[in-house]
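Marked as (6S)-5,6,7,8-tetrahydrofolate binding site by Swiss-Prot: Leu117, Gly121, His122, Leu123, Glu241. Residues annotated as site 'Plays an important role in substrate specificity' in Swiss-Prot, with sequence analysis given as evidence: His225. For Lys226, the entry in Swiss-Prot reads N6-(pyridoxal phosphate)lysine.
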Amino acid sequence: MKHLPAQDEQVFSAIQDERKRQQSKIELIASENFVSEAVMEAQGSVLTNKYAEGYPGKRYYGGCEHVDVAEDIARDRAKQIFGAEHVNVQPHSGAQANMAVYFTILEHGDTVLGMNLAHGGHLTHGSPVNFSGVQYNFVEYGVDKETQYIDYEDVREKALKHKPKLIVAGASAYPRTIDFKKFREIADEVGAYVMVDMAHIAGLVAAGLHPNPVPYADFVTTTTHKTLRGPRGGMILCREEFAKQIDKSIFPGIQGGPLMHVIAAKAVSFGEALKDEFKTYAQNVINNAKRLAETLKKEGIELVSGGTDNHLVLVDLRSLGITGKVAENVLDEVGITVNKNAIPYDPEKPFVTSGIRVGTAAVTSRGFDLEAIEEVGAIIALALKNHEDEAKLEEAKQRVEALTNRFPLYTGLDY
């Protein structure tokens, strides 16, 4: 960085500190990843200066001919990756992508079927503290109490009983493969639309390692970060018949000017996702998650549903006698970043929880292999089982430092 250190020392210092944190800690938050330096360069470009309300070729401002190119590239690449008929890359976030779909097909008070937040759903899938739960009549489905897999019969029974206008599939903390075909079949029985929120698994879908929801859903929403490894933002994929309505719901419906520098960064990351190297990366993400799950189970730690099919593992801490809040703090102390997370049928409050969610997208981007991820699992077990033993926690800290030194991050940056 050439100008920021001299112009604004306080902000530069915060950026430096965050850079050091990312280097010195092991990032296991399942919704985070490390983008390429090319993505960061696009996002930090002169495109940040350009207002571009509207869509390519139909803008409300002049001088958009070059940002139009960037947006067209992003849309075309996303179509190619996922086989979608129409793509909107303007949503600022996954939540706004979901909002746009709701505003497109729902009226206030309409019935929607969505996954219970504590069972792995998302705030925007009907939580009473979110606009979705306030605006619409959400009926919740969840996972089977024994298997902790989605109970598709429960989904069907509730659909038949409540006749929802929309069924939402997808999750923020569900470690198993979702059967989108089954959701489509249930929706067809009751004449409902299907929206799939694939925010967490989009990168795995892009690599052909998770079933693609596009053939089964009327609408697919996603973030562009997480496993897709792009900038923070959202995206909507839909059938051509809904294209104009979706575009109107985004602009002028719920957003004004799109963030053209972010859209350019999305385009760069989509280009990366089309390469063979990305498929290898995504396979390694899954391999690492499975190995992490196996390691934790060998250490006697319980996992929701017994394991994982994707990039994340949901840990049930009750047998260890600690809460998710305590575990998050203990692991942060030794240099491992996770988030506390509710587990199905959780007796604890949402800010306390009985679980933690861990994911392998970021550490895999950093280069962690199976041997390294086994060591991560062993360190987690050591810290959680000995969370009040300062000597053991110091040992865990040193082992984390050895790993982070072995896998440096962003060596080309000058700050």
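Placed from the backbone N, Cα and C atoms, the Cβ positions cover glycine too.
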Could you tell me which three-state DSSP class Leu123 ((6S)-5,6,7,8-tetrahydrofolate binding site) falls into?
helix
C-beta crowding around Gly121 ((6S)-5,6,7,8-tetrahydrofolate binding site), within 10 angstroms:
25
State the Cα to Cα distance, in Å, between Leu117 ((6S)-5,6,7,8-tetrahydrofolate binding site) and the residue listed as 'N6-(pyridoxal phosphate)lysine', rounded to an integer.
19
Across all protein chains in the structure, which of the recorded positions His122, His225, Lys226 has the highest Cβ count within 10 Å?
Lys226
Helix, strand or coil: which one is His225 (site 'Plays an important role in substrate specificity') in, per DSSP?
coil
Hey, of the binding-site residues listed (Leu117, Leu123), which one tops the CB count within 10 A?
Leu117
Protein Cβ atoms within 10 Å of Glu241 ((6S)-5,6,7,8-tetrahydrofolate binding site), excluding its own:
10
